[in-house]
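The annotation active site, nucleophile is assigned in TrEMBL to S129. Feature annotation from TrEMBL assigns active site to D211, H243. Residues annotated as domain 'BD-FAE-like' in TrEMBL: 41-141. The annotation motif 'HGGXW' is assigned in TrEMBL to 60-64.
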Amino acid sequence: MDKDAVIKAHVQAVSEGTRRAQAATQTLLHIPYGTGDGERLDVYLPTEPSGDFPLVLYIHGGYWQELSKDVSGFAAPPLVAHGIAMAAVGYDLAPKGRLEEMVGQVQRSVAFAVQQYAGLSGVYLLGHSAGAHLAAMVLSTDWKEFGVVPSIKGAFLVSGVYDLEPITHTYVNEMLRMSREEAQQNSPMRRVAKPASEGACQVLIAMAQHDAPEFRRQSQEYFQALRAAGWSTSLLDVADVDHFEVAEKLSQQDYLLTQVILNMIARG
């Protein structure tokens, strides 16, 4: 399939998965976490919540200019079946949204979730592609300006982009309009710092066997940078999937990456 056909198939897969998830799950849709039109959450509640429960914030990909929270509930069923809530995060896409604004929106969504759901046993970030970039940027947040320090226990970064400078020379940047300086400022690779407390946040970096070489290179280099800075991190190479399937299959209970995520959350 050509590029357009591949993307169309991905949109169809996540849309159908989200429809199934919403039909089978108790949901709270279009919850505002800020004042902007795009600042909304779709929340998928645990099937049998038991007191405090963990929350996974899912941040969709689409090169910061496609997809939306409305087609991002597909990963919820295995989570809610294990007593875990999931919230699909909406953010303003390019060209309306600038990259630093998207980062700020995702940060606000985390702060809102922690304040709104006081009984959470922990917050986890799950991002795919551009969403993994935004989730990684959350890890370097100075939370003082948000008036809250969320207990982010884990981040699952799937086929992400961690150095934006190469993108400034591609068609992707036509809508993003990033300068070289903006790309550097918003690159997780350039913002790696020591974790606030050692071992408190587990970071899983996953890449697809059939990801493009640049995705795989950046995943490996970001993993090495985090580990060198003292983060508790692991690298998972998911076999027999491409850049889109690695996320689509999160709808499946018996999928390797789903199982790894569930086990990491269970360990707390």
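Quick reminder: no glycine exception, Cβ is built from N, Cα and C everywhere.
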Within the chain of H243 (active site), which residues six or more apart in sequence place their C-beta under 8 angstroms from its C-beta?
-> S129, S159, A208, H210, D211, A212, F215
So, by DSSP, how many helix, strand and coil residues make up the motif 'HGGXW' (60-64)?
-> 0 helix, 0 strand, 5 coil
